[in-house]
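For reference, the structure discussed in these notes is given below.
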Amino acid sequence: MSPLQIAKECLANQSKHVRLNAFISRASQASILARASAAQDVAPGHWPPHGQLIAIKDNICTTDFPTTAASGTLKNFTSPYDATVVKLLRDAGAIIAGKTNMDEFGMGSHSIHSHFGAVRHEEEEGTVLSAGGSSGGSAVAVSSGQCTAALGTDTGGSVRLPAAYTSIVGFKPSYGLLSRWGVIAYANSLDTVGIIAEDVETTKHLFMTLNKYDSQDPTSLPPSTRARLGATSGFNSDPRHSQRPLRIGIPLEYNISDLHPDVKATWKRALDLLELEGHTLHPVSLPNTRHALSAYYILAPAEASSNLAKYDGVRYGTRADGPDGTPTSVLFAQTRGANLGLEVQRRILLGAFSLSAQAIDNYFIQAQKIRRLVQQDFDRVFATPNPLLSTPDTHAEDEGVDVIISPTAPTPSPLLSTVSSQPPTSAYKNDVFTVPASLAGLPAINIPIMVPQGDKQRPASPSYHSKYSWRTLGVQIIGQYGTDDLVLEVAEALKEYDEAGFNDGEKVREVEEDA
Amino acid sequence: MLQQPTRRVLSTLARRPYVCPACLRSARSPSLATSPSISRPLLRNLQTDSQALPQEDTPFRKQLKDAARKKKKEDRAAPGSKKGSKKQSDPRLEKWELTVGVEIHAELNTAHKLFSGAATSMNDTPNTHVALFDVAFPGSQPHFQKETLIPAIRAAIALNCEIQPRSSFDRKHYFYQDQPSGYQITQFYEPFAKDGHITLFPHDFPGGVSPEGGPITIGIKQVQMEQDTAKTIQQPPSTHLLDFNRVSHPLIEIITLPQIHNPTVAAVCVRKIQTILKTVNACTTGMEMGGLRADINVSIRERNVQPGKDSLSYSGVTGLGQRTEIKNLASVKAVEDAIVAERDRQIDLLEGGGVVEGETRGWTLGSKTTKRLRGKEGEIDYRYMPDPDIAPVVVGKDVVDHLRSTLPMLSDEAMQVLVDVDQYGLTPKDASTLLALDDGNRLEYYHDLVLDLQGMLSEEEAKAARIGKVAGNWVLMELGALFKDETWSAIRVPSSELASIIACLIRKQITGRTAKLLLVMKFDGEPRPVQQIIEDEGLILRPLSHQEYVEMARQLLEEKPDVVDDIVAKGQHKKIKWFVGQMMSRGAEGTVEPGTAELVLRDLLHLPAE
């Protein structure tokens, strides 16, 4: 399809799906069509994002739309500069489709904590599900065909979880690869720009476009270290062309008791597919995983309480009416109370507490130690040493695994009505599988894998293919730091096995079984 | 400025030949409270003729000892007039010991802000040097300017600190409109420099005497880098205008150990740190310009009493009383006065059976007591957190070694050079005055002047005339008197012009009076070069012939037969000086040399030459 055709289709879907509330601001039809026509004139052979509609999560700064982070405090704020990732997309010929809805400042797992109302995710008419969060708007915009791809941000799973809920691809690269200059900080030691797309190939192209060193971002991985990353992977990263089979890690601690049966079945099918292709499966132990979620919900709010202290309405943003900081009131309390949402206020309070003199030793410091342990867990099981550590670990390559496969979320997407009435902390549990990779800064991707619904006994058995209705649920692939290419290749391969198995392979086996 | 009327009186006195020595003494020891620009020179001008210069070969150490002895004598002679004597007479201070720790904030002399490429500035149009990060725009990130480390490390080396191979930045949280991000970036957990010390020598103290006799060493706990805040301009009743030019200007905070037991020592310590920072070119301005601010913590404890269970320890110093903190003192005088006031308040409180609360107090210049700002319950919990966006700073040994080897000479070393007979040969007192004046600018001028003189005179001339000492006298006394009521300026009388005056004087081409006159003319804005004034006005010394001396002397003696009688008959030989004075005032400006005049007079009166 030509850029113009794609643009027209996306625009039609935008009009059709307005009620999903995926966008906070959108580019005008006229401007999108004009740009798509201009892109059409350029000689073919361009890769995405050239001439494609790309949506941007509204916590990433753009000069041509407001950047609100879905917060009342920034509801009228337009950034004077473009984030580096936006600039790179523009330079690559992308058409910015608009800014997507989200949980305020990235704090949430269902995209319901937005000043602009909740994002709706509909798989079938009349059933409104959670879009996941916090990049729910980006995920729904892609899954409902309103754009080709979208940028999100992933602090503890905010790209992967909504991708899993909406059955699309959501990729969180290694921390430090994609520039955060112009990305509104939630918890900046964890915040990572992520890519949401319909397929892995588009994701790869966007990743290639954005994976550039940026001197504006002090945490951007310097070119010298980037050069080292390429050198350490050691083998052709595409498992379909690799000399040796992949070693796949199955993290035992992720097999939790309240794992939804369909999720478990999906996980199992993904592992089966890989084994059928000749890769080997290895149980691995990541013992500190059980503390990871608590550590995350100490560290992220602590950083958030600090990062969000700037929203006082003095230099930009919304101010509450009347004077702030009268002799009888606390300075800025009125403005911040009126313009920051409840979940944001809750996390600021949590963070302020865990950093306070009386609590820091028991909370913040402990959580930092757990973060280190979680990272060491991963380093222990991966074959490739962590390139950020000066001393490579010693175990032989055949002892470690190349990637880890796990579920992305413990359940399929819940009903929006259910999550809206839940106590706030129950939403935190949805991040249990995504948070460890965030704490360790590792590349991780969600891909949708098909699974027959409702059969707990023989979920992936090929012969039942035609007898059941199939749905897609998310599976997560985690790699060692810097092995982003490997993670993407494994994702693409697995997706291929999945589709081939569904279309041909499992049919073939069905025939064999019958015979 | 308060003392202006007094100073004016003194400066008129300065031009008179005789002054009561007692007045001189009381005026000579300036209190530390006096800001550097209002210091001694004028008063020293008064002593030029009366005070014998110390022997060149007197060792420095001995001179200091002599000064101490003299100071003691003076203290005894004039009880009540000195700071030290008050302490000795106050039995409460015999009972209670004061302990003080100081925190000094100084603006680093850097081109850029600490975390952005925006320029630093002093008085530019408000809000013209502001990067996105400086005003905490969403999505902006810090860019640590590593060049800011250079003056910071220089300062820390000069304070004998150990430069840490690794340091890091933390966020200190509090809400205020001058703090855009809601936190200040500082070094709480890992400061870049630790474990230094500063030594206060007797010459650092007013009158050249340390309250503890010998040198006093005070430990420096740490030096850390941090951001300055924005400037708030109040527009009553309720408008606060904000100038973000200053926000994120790099600062260093210097924290001393609580090892100071005397208000004067604290003040001298602050002043010396200020001088050191200036000397190594680490800081922008002196304290009085707002470039330096001090917080002090003050506690007292009973002497000769074993510290009890409830005694406290700060920075590892144990057995101390409950301390209070006094914030934001903007001058050396404020530091000294605030400590005295807070010490006395705490003593009153404890002697009255009360308890000292751990609290933050404020002090305004001129007030008699400190004022409570907030108690412990109102203390801010700063919630220090390592900044996740700023990588740890790693400083190589090679950088430290290089900065150490290129460090400008420090005041203690400069002092040695100035008093060294083979180099400048100043008295310790003159040397320390030069070092203390005008943030070191006076010393710089002095060096220029000596260089100029060396260029004008031959080596033998310079040596014979002891130009180091002569130049010192001119800079401190003659020029000092003129600048008494004005701000020091090195270009008002360029050093080369003053050098011309002094060179002519040394070569006896002009008289001393002419030289002083020329200086005043140049000071008052005379545009012509000194050499030209001398030519135009015919100021060059034309020696009278012997015959002319004899005629003038004879005429005078005839006019005053009674005085001649006093001298010849009554043996009051001293009165010859009166005739010498008369001859000098009768002769045209600068023509009569007193020595020759006296010889001629003695000859006529048939008295032996002295």
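Cβ atoms here come from the backbone N, Cα and C positions, even for glycine.
Here TrEMBL flags A:15-488 as domain 'Amidase'.
Within its own chain, A:K57 (active site, charge relay system) has A:K99, A:T100, A:M102, A:S135, A:G137, A:S138, A:A150, A:L151, A:G152, A:T153 as residues 6 or more apart in sequence whose C-beta sits under 8 angstroms from its own. Marked as active site, charge relay system by TrEMBL: A:K57 (among others).
If you look up TrEMBL, you'll see A:S134 (among others) marked as active site, charge relay system. A 10 Å cutoff on Cβ-Cβ distances gives A:S134 (active site, charge relay system) a total of 38 other Cβ atoms nearby, all chains included.
The annotation active site, acyl-ester intermediate is assigned in TrEMBL to A:S158. Listed in sequence order, the residues of the same chain lying 6 or more apart from A:S158 (active site, acyl-ester intermediate) and placing their CB within less than 8 Å of its CB are A:D103, A:G106, A:S109, A:G133, A:S134, A:S135, A:G152, A:G194.
Note on the domain 'Amidase' (A:15-488): its mean pLDDT in the predicted model is 91.
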